[in-house]
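Here's the structure we're looking at; comments come further down.
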Amino acid sequence: MNSRVLFGSFVPVDSVLHRLDPRLKLVTCFWYVVIIFFAKGPLTYLLLVAMLGAMIGLSKVPLKMYWAGLKPLLWVIGLTIAIQVLFSSGGHVYWHWGLMAITSGGINQALVILARFILIVLASTVLTATTPPLRLADAIESLMKPLKKIKVPVNQIAMMISIALRFIPTIMDEVNTIVKAQQARGVDFTSGSVYTRVKRMVPIMVPLFVGAFRRAEDLAVAMEARGYDPDQERTRYRQLTWRRPDSIALAVVVIVSVLFFVARILL
C-alpha cells in the first residue's frame, strides 16, 4: 500500500466504509461540511471530532496516511492562522504595532478556522480514500439526476468531476517529481526571501502546466478513440444498490446530527 494518501486518492482496503453506498458517503460528507459552520462551543466541535474519528477508524486507512495527506497543506493553514491572528480585532489586546494586533478575539477566530480547515480536509480525504473516482462520479450523477428535467448536463458534470478527482493525485505526484528533480540540481526552496522563493517556483509551474495539458490532450484522444459521447446515456458494470448497512449508517448520521443541534441550542 502506498505510504501516503492525498485528496482524490482511493485506498483499496476492505472496510465497512468502503462497502457503503457512495451516495450515502457523498451526502454525509457534504452534510458534515455544512454543519461544521454551525459548530459553536467545545461540545459541538467534540461531536464533530468524534464523528470524524469514527469514520477514520472505520475506513481502516492508517492515520499516518491521513497526516501525510494533510502535511502539504500546513503552509496554507499557517498562513491563514497568521492572517487571522494579526489582522482580526476584538477582545483583549496582547500586542499592537501599526495595523497588526494580537487580540483574544483574533486568536479565537484563528483556532475556529484551524479546526474547520482540518475537519473539512480530513472528511473530504475519508470520502475520496474510501470511494473509487468512478463510483463517486456515479453517485454524483445519480443524486443530480432530477436536474436533467431542467436540461442540466448531469452526465458531463459527473464526468468532469471524476476526471478532476483522478487528476489531483496525478498532478501532486508530478509536482513531487519536479521538485525532487530541481533539488537534485541544487535548487533550495526553503531559503531566501519570499520573492526569491516565489521566483524559484517558476521552474516547477512551467513543466507542471505543460504536463497537465499533455495529459488532458492524451485523455481527450483516448476518450474519442473509445467512442465516448457526452450526450449518450452511459451503462454501468456495477449498479448502485442501497442495502441494510446503508440504512443503519444513515440512521447513525441522523442521530448524531440531532445531538449536534441539541448541543448547539443548549450552549
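Cβ coordinates are placed from backbone N, Cα and C, and glycine is handled just like the others.
Listed features, source Swiss-Prot:
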TRANSMEM  30-50  transmembrane segment
TRANSMEM  67-87  transmembrane segment
TRANSMEM  110-130  transmembrane segment
TRANSMEM  152-172  transmembrane segment
TRANSMEM  247-267  transmembrane segment
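Only residues 6 or more beyond the boundaries of the transmembrane segment (247-267), in the same chain, are considered here, and those with a CB under 8 A from a CB of the stretch are 20, 24, 28, 31, 35, 38-41, 43-44, 47-48, 51. A Cβ distance under 8 Å defines the sequence-distant neighbours of the transmembrane segment (110-130), meaning residues of its chain 6+ beyond its ends; these are 5-11, 15, 17-18, 20, 25-26, 29, 32-33, 36-37, 39, 45, 48-49, 52, 55-56, 59, 61, 65-66, 69-70, 73, 76-77, 80-81, 84-85, 88, 136, 165.
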